[in-house]
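J.: I am attaching a structure below and will ask some questions about it afterwards.
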Amino acid sequence: MQKQRPKHLDLTVIRLPLPGIVSILHRVSGVALFLSLPLLIYLLAGSLSSAEAFDSYRAVVAHPLMKLVLIGLMWAYLHHFCAGIRFLFLDVHKGLELETARATAKVVLGVSLALTVVLGVFLW
Amino acid sequence: MVNRIVVGAGYGLRDWVMQRVTAVIMALYTVALVLFLLTAPSSYEAWQSFFKSTWVQVLTQTTIVALLLHVWVGIRDVWMDYVKPVGVRLALHSFTIVWLASCFIYSVKVVWGL
């Protein structure tokens, strides 16, 4: 096919549709979780440490800056989880219709953000 | 139309399947852990004794192995998509392997209370 097609690869010009935003955020959250893996294992270690070490661990995770990081990671996990389930359904050809795909993308974005807010308020 | 000659390579299908299977394992583990958190008494002691039982340790370690395989496929895809110079990509792949291997060893120490 030798047809001239309009190309809009200028990232400042193209407008990514909602499913595209969910997709790139899936990737961003995945990389964020990858880089935070040692921190996440440390969090488990702290929660399982002896009573004395546990107190100093509590002080670490109670720091406001740490709490912000943890809420960020909470969102990354929730988004990666919800978007991942959506992708699994797309893999088995469920929800491929444009309308459905747009709706589920909206749900993924909304549910993970809403749960982050709820859990963030609860844990602060 | 792609005319490729199939010579026996996997074309990434195995990795693709592994990423999905490990995703399901992690999702099931997440659901189980959330159910525990919602039903169990929220105390330091309950959490500690929960993670002292062997079956929890085994399932946690298995899920972490699944996680590391999942991350390897995902992060490798990211490097392959965005990093074209072979040397830089090789360095990033190596970094990823070392990073994940370290995480595995750390996770063994933590999960089994060593």
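Glycine residues also receive a Cβ, built from the backbone N, Cα and C atoms like all the rest.
What TrEMBL records for this protein is below:
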{"type": "BINDING", "residues": "B:H70", "note": "heme binding site"}
{"type": "BINDING", "residues": "B:Y82", "note": "ubiquinone binding site"}
{"type": "TRANSMEM", "residues": "B:21-42", "note": "transmembrane segment"}
{"type": "TRANSMEM", "residues": "B:54-75", "note": "transmembrane segment"}
{"type": "TRANSMEM", "residues": "B:87-108", "note": "transmembrane segment"}
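Tell me what's around each of these sites.
T.: Contacts of B:H70 (heme binding site) defined by a Cβ separation under 8 A and a same-chain sequence distance of 6+ are given as B:M18, B:Q19, B:T22, B:A23, B:M26, in order along the sequence.
Secondary structure at B:Y82 (ubiquinone binding site), taken from DSSP and collapsed to helix, strand or coil, is helix. Around the Cβ of B:Y82 (ubiquinone binding site), the number of neighbouring Cβ atoms within 10 Å comes to 10.
Residues 15-16, 18-19, 21-23, 25-26, 29, 32, 96-97, 100, 103-104, 107-108, 111-112 of the same chain sit 6 or more residues outside the transmembrane segment (B:54-75) yet have a Cβ under 8 Å from a Cβ within it.
The list of residues near the transmembrane segment (B:87-108) in space but at least 6 beyond its ends in sequence, with Cβ under 8 angstroms from a Cβ of it, reads 61, 64-65, 68, 71-72, 75-76, 79-80, 114.
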